[in-house]
Amino acid sequence: MIPCVSCKLPDCFYCDTKDKPVVSEEMEGELRLVKFDTTPIMSTYLVAVVVGEYDYVEDRSKDGVLVRVYTPMGKREQGQFALEVATKVLPYYKDYFQIAYPLPKMDLIAIADFSAGAMENWGLVTYRENCLLVDPKNTSAVRKQWIALVVGHEIAHQWFGNLVTMEWWTHLWLNEGYASFVEFLCVAHLFPEYDIWTQFVTDTYIRALELDCLKNSHPIEVPVGHPSEIDEIFDDISYNKGASVIRMLHKYIGDEDFRQGMNVYLTRHQYKNTFTEDLWAALEEASHKPVGAVMSTWTKQMGFPVVKVTSRQDGNNRKLTVAQEKFCADGKASSNDCLWMIPVTFSSSVSPSSVIQQTVLETKFAEVTLQGVSADEWVKVNPGTVGYYRTQYPPDMLAQFVPAIRDKSLPPLDRLGLLDDLFAMVQAGQTPTVEVLKLMQAFSQEDNYTVWSSIANSLSKLSLLLSHTDFDDLFRLYGRRLMKGVGDRLGWDPKPKESHLDTLLRSLAIDRLCVFEDEAYIKEAHKRFEDHVSGKAPLPADLRFPVFKAVLAKGDEKTYNTMLRLYREADLHEEKDRISRALGAIKDVAVLKKVLDFAMSKEVRSQDTVFVIISVAMSKKGRELAWTFFKDNWQELMNRYRGGFLLARLVKYSTENFADEEHAVEVEEFFKSHPSPGTERTVQQSLETIRLSAAWLERDKEATKAYLTSVSN
């Protein structure tokens with residue numbers, strides 16, 4: 001398609017193509033002619049050319065690849081962290097897959113306004129600035145961690161996606177699911193202090209389950225018959241479910257066989273296109289396990305199972321009955337006769353971190369005998385929260401976990417998995433909301449960041465639901481009491497040599513306590529904000545977003561104007577981004593209208609407009625306002641985003657936060673008369689979510705109010 005690439009450009013500009021180095025440069029008058037080497041065979045979507053004025057930092061990986069990170073002029077040092085990550089990731093992947101990166105150079109380049117977070121063009125990877133650049137004084141720990149993951153993800157694509165490319169978009173997950181799994185492999189290797197595999201469960205696995213239980217989800221392998229359908233499958237199924245089932249498969253066959261199978265797959269199909277079945281064949285060859293039979297049940301059918309377990313004692317042994325059925329968000333039995341081949345594992349309180357037995361559940365029901373497990377021991381299904389399924393326990397088995405949650409003898413991944421499974425049962429109407437509120441009380445002494453992150457996720461969903469009631473103040477009181485201990489333990493100021501995870505937990509705790517309107521925390525947030533604005537004591541980067549939100553939530557137009565001044569003065573895009581995403585916390589409707597107008601102004605990059613509007617849509621005061629704004633500006637938004645995934649994200653958050661049939665009908669009617677190619681599935685998912693929330697509220701509102709009233713004294 002492109003036999004050669006040559007660029008003519010003014011001498012002051014730099015030009016780079018996506019993969020091969022410059023062959024020659026020569027002057028032609030005032031223009032410089034740059035010629036590039038021949039590229040390897042590749043899919044056309046991987047071709048890229050960047051022309052512009054950039055600084056760069058460079059280094060070589062230990063296996064000799066020249067790596068450069070290109071930054072805006074004057075910001076070359078902000079590329080140093082990404083450079084360090086990239087130069088270590090390349091040899092790590094070479095060693096892990098036993099296949100070298102095939103090009104002599106790797107460039108990572110920051111793009112000022114970029115709808116995607118990053119794009120894996122072969123040898124020239126493009127990134128949003130806030131997915132690549134690190135300013136040591138102004139970049140938060142959570143953003144730095146995110147940058148490491150994104151760099152690892154895009155470099156993984158140089159093997160999965162570039163060296164071997166999916167045959168058609170139906171198999172997109174071969175690119176995105178694998179890269180989303182492998183990014184955690186490399187970050188766990190480079191930064192063990194991140195405990196990144198625990199974070200995987202909250203950031204990736206749970207997000208996939210939340211979407212995949214909807215009737216309007218889709219299989220991992222989804223037929224694509226029209227270009228408008230392509231953007232829609234760049235979602236939590238292709239990325240997060242894909243990564244989650246690969247993690248389950250990795251555990252099932254073991255790391256050594258997984259690596260060997262990956263080598264077979266990449267070697268056999270390099271510079272070619274593949275189907276999902278090609279991957280299964282390679283892994284089956286390496287592991288001698290029925291990979292194709294097992295995994296096809298996870299990639300070809302939509303959704304996932306819930307494993308229901310019951311227990312009885314038989315002398316010194318525990319006998320379990322396990323049963324599988326499709327888990328549906330509405331709690332209703334599926335009309336489809338779905339069966340999965342489920343790798344099911346078990347642990348007990350005698351050895352909490354060890355798998356004591358495993359089996360593959362291929363039928364609706366099975367009996368499992370656990371030898372030597374006494375009646376007073378707890379038994380956990382799916383230890384490590386690795387299997388891609390929910391687990392439902394009877395009350396007696398669930399009660400046995402409570403002491404182990406309190407004393408933290410139940411491992412972190414199992415504490416959060418247990419709670420999240422119960423919360424899913426609550427949302428589906430299988431368990432009353434009060435039961436999950438009671439179980440959360442057992443976590444009052446919790447000290448693990450990722451467990452708290454999962455709790456906060458559930459609290460946010462409850463907060464959103466109960467914002468449609470007249471007793472949300474009771475829920476905020478509940479939230480304050482639950483999180484007060486962890487907030488007070490960590491305090492506001494970083495401790496010498498504190499862990500990365502404590503830094504993240506402090507930010508989370510302060511944010512939640514301010515959202516739950518803890519007066520002491522809000523007062524301290526205002527004091528520190530004033531010191532930050534005056535220059536007396538700049539806020540640590542990790543505390544800025546929660547403090548900005550806390551101040552704005554109690555603020556007025558003057559506060560808003562102060563934030564706009566900080567936005568305009570900020571040089572780092574990460575800082576602009578966190579300020580703009582905090583603006584929706586304002587409760588003054590007149591000021592919120594100004595926030596929405598600001599979102600569409602030239603001051604805000606198109607890539608960021610969506611997230612400013614979403615910040616308004618996520619609030620009790622702003623959701624109706626944002627929905628009206630969305631409708632009024634529909635044509636301009638369509639022209640700007642043309643049905644891409646940014647528009648799909650805006651559709652999702654502008655609509656799904658309602659909880660009544662009237663809004664569901666209104667949303668449905670609007671999109672009937674305003675068709676939006678590329679967001680059709682998102683609209684249906686939002687309608688389903690609205691109706692699920694309405695049913696949840698109707699089902700549990702009075703009992704939840706009574707419980708929150710009883711514990712408020």
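Note that Cβ sites are derived from N, Cα and C of the backbone, with glycine treated the same way.
Annotation comment: TrEMBL describes Glu154 as active site, proton acceptor. Of all Cβ atoms in the shown protein chains, 26 besides its own fall within 10 Å of the Cβ of Glu154 (active site, proton acceptor).
Classification of His157 (Zn(2+) binding site) by DSSP places it in coil, neither helical nor stranded. For His157 (Zn(2+) binding site), the same-chain residues 6+ apart in sequence whose C-beta sits under 8 angstroms from its C-beta are Glu120, Asn175, Ala179. Feature annotation from TrEMBL assigns Zn(2+) binding site to His153, His157, Glu176.
TrEMBL lists 81-298 with the feature domain 'Peptidase M1 membrane alanine aminopeptidase'.
Residues annotated as domain 'ERAP1-like C-terminal' in TrEMBL: 378-691.
Here TrEMBL flags Tyr239 as site 'Transition state stabilizer'. Other C-beta atoms found within 10 angstroms of the C-beta of Tyr239 (site 'Transition state stabilizer') number 23, with every protein chain shown included.
Other residues of the same chain near the Zn(2+) site, with their Cβ within 8 Å of the Cβ centroid of His153, His157, Glu176, are Glu120, Glu154, Ala156, Phe160, Gly161, Asn175, Tyr178, Ala179, Ser180, Glu183, Tyr239. Cα to Cα, His153 (Zn(2+) binding site) and Tyr239 (site 'Transition state stabilizer') are separated by 11 Å. Rounded to the nearest whole angstrom, the C-alpha distance between Glu154 (active site, proton acceptor) and Glu176 (Zn(2+) binding site) is 10. All protein chains shown were included, and the count of other CB atoms within 10 Å of the CB of His153 (Zn(2+) binding site) stands at 28.
On a Cα basis, Tyr239 (site 'Transition state stabilizer') lies 5 Å away from Glu176 (Zn(2+) binding site).
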